[in-house]
Amino acid sequence: MSNVKHVILISGKRKCGKDYISEILQKRLGESSQIVRISEPIKKQWSKKDNVGLQELLSDGPLKEKYRKDMIKWGEELRQKDYGFFCKLAMDTGTFSEIVIVSDIRRKSDIKYFKECYNGKVLILRITCPEETRIKRGWIFRRGIDDVESECDLDDYEDWDLTVENNGHLDGDEIINLIISKLEL
């Protein structure tokens with residue numbers, strides 16, 4: 001982790017395009033970059049705890065949705081003891097690239113962890129998207145998921161380095177150009 005020069009934190013609501021933007025950005029930046037997902041160690045720990053298939057939890061399939069509410073509650077309990085628990089696990093999964101893209105920042109405590117550990121190297125990005133666009137992408141409001149901390153904690157956060165609306169008016173390349181322009185490469 002000592003060779004990390006930039007950490008790009010990407011935040012946004014479900015179905016706003018965080019993974020899409022992260023993947024395009026990583027392809028553009030090439031071998032000097034990698035994507036890290038905080039949700040991956042959560043799902044990995046959950047799969048061990050409940051003997052559930054990890055690959056199914058990592059996919060966009062129905063199994064992940066079946067367990068989502070319980071995983072959120074369980075993850076919150078662990079975060080109460082150590083707010084950076086899952087951030088540490090995510091970064092301990094072999095982070096060797098100069099540029100790390102964290103594709104699923106969801107809490108102020110996630111931002112706090114990365115700012116403390118990577119002082120001066122963090123770019124904080126918010127992807128926004130109109131609700132009707134999210135619905136077209138398959139989003140359906142779910143009580144206990146879309147109205148809890150894991151989806152709403154950053155709604156009142158204001159210290160974004162960049163906010164981009166992913167509504168189809170800008171194509172992926174234009175969004176990536178905006179992000180790269182904020183990096184000091």
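Using the three backbone atoms N, Cα and C, a Cβ is placed for every residue, glycine included.
Under the heading ATP binding site, TrEMBL lists LYS13, ARG14, LYS15, CYS16, GLY17, LYS18, ASP19, ARG137. The substrate binding site annotation in TrEMBL covers ASN166.
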Cβ within 8 Å of the mean position of the Cβ atoms of LYS13, ARG14, LYS15, CYS16, GLY17, LYS18, ASP19, ARG137: remaining residues of the chain near ATP: GLY12, TYR20, ILE127, CYS129, ARG134, TRP139, ASN166
Rounded inter-Cα distance in Å - LYS18 (ATP binding site), ASN166 (substrate binding site): 9
Winner by Cβ contact number (other Cβ atoms within 10 Å) across the binding-site residues LYS15, LYS18, ARG137: LYS18
Residue among the binding-site residues ARG14, GLY17 whose Cβ has the most other Cβ atoms within 10 Å: GLY17
The residue listed as 'substrate binding site' and ARG14 (ATP binding site), distance between Cα atoms, whole Å: 12
Cβ neighbours within the same chain of LYS13 (ATP binding site) - under 8 Å, at least six residues apart: THR128, CYS129, ARG134, TRP139, ASP146, GLU151
Candidate nearest the residue listed as 'substrate binding site' in space, where candidates are the binding-site residues LYS15, CYS16, ASP19, ARG137 and distance is Cα-Cα: CYS16
Whole-number Å value of the largest CA-CA distance among LYS13, ARG14, LYS15, CYS16, GLY17, LYS18, ASP19, ARG137, listed as ATP-binding: 13
Neighbour tally for the residue listed as 'substrate binding site', based on other Cβ positions within 10 Å of its Cβ: 21
Same-chain residues at least 6 apart in sequence whose Cβ lies under 8 Å from CYS16 (ATP binding site): ILE127, THR128, CYS129, ARG134, ASN166
